[in-house]
Amino acid sequence: METANSSNILASTFYLTGIPGYEEFHHWISIPFCLLYLIGIMGNCTILHVVWTDPRLHEPMYYFLAMLSLTDMGMSLPTVISLFRVLWSISREIQFNTCVVQMFFIHTFSFTESSVLLAMALDRYVAICHPLRYATILTPTLITKIGIVALLRSAFAMIPLLAQLAFFPFCHSHVLSHSYCLHQDMIRLACADTKFNVIYGLVLITLLWGMDSLGIFVSYVFILHSVLNISSQEGRFKALNTCASHICAVLILYVPMIGLSIAHHFAKHSSPLIHIFMAHIYLLVPPVLNPVIYSVKTKKIRQGILHLLFPLRISSSVM
């Protein structure tokens, strides 16, 4: 009986991987990772605090930015504990149930972030193409519904994919390629027919990321058409400048995401360092860079952060 229980425990235990060939440097490698996580958490928490407390930022554009910060943290924070457990040589083990929960949060918030970027593109479309109707179209109620639908759509879409994993036997290697769990990494270890997961995963990516990216592209086609109809060059530049931060956020999410998908599907036999490098860029770069970009490019966000850091100095300069 004890032998059966121990074999079940072993069967449900997986082993995470740090950076192969650099195990002796893991403690040093953990320092930049720690700094990046801290920068990402502090930056996104600052954005959320400023949007929440500054009445000037109670506008649709900044509500969507707050959603982007929440999805950024939701995508990256689930990996913190497992990453540092590996890099600090505490433990490489992770239980199947924990792995599935981690996958659920990573993939759900990844799809949700794509939906939020689509909502932000629509926000820019309404602001530039229909400025007089901006406040009446994008009401707080509609914005709340968009956020809830984006999250629920992503969460429910992931349930069949992850539920199927419970029926897979993992009879060979239990060593994962990363320091956290990804669906495409786990099904590679299954000793069963994974056709459903592969096809469903591709359909999911096509429908969710594909439709979101198509929606973003169409929004910018209409935005560009509207901007070209502006007579003054200064007006054109000002209109396009309001979209610069969003375009950067789209590239920051989609480029690593596409790169990671390509690496998993078409570069299976390439160096493990490529997969690990792409996976960490995919999870760490958006939470770190998005707050920086919006702080630099968006005047009201920049003023809100300065007011948060130097309240007395800003107040005295205003008076």
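Including glycine, each Cβ sits where the backbone N, Cα and C put it.
Where the annotation comes from TrEMBL, it is an automatic prediction and has not been curated.
Lifted from TrEMBL, the feature list:
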type	residues	note
TRANSMEM	28-51	transmembrane segment
DOMAIN	43-294	domain 'G-protein coupled receptors family 1 profile'
TRANSMEM	63-88	transmembrane segment
TRANSMEM	100-122	transmembrane segment
TRANSMEM	142-167	transmembrane segment
TRANSMEM	198-223	transmembrane segment
TRANSMEM	244-267	transmembrane segment
TRANSMEM	273-293	transmembrane segment
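Over the domain 'G-protein coupled receptors family 1 profile' (43-294), the average per-residue pLDDT in this prediction is 87. Residues 60, 63-64, 67, 96, 100, 103-104, 107-112, 115-116, 119, 183, 186-187, 190, 192, 196-197, 200-201, 204, 208 of the same chain lie 6 or more positions beyond the ends of the transmembrane segment (142-167) yet place their CB under 8 Å from a CB of it.
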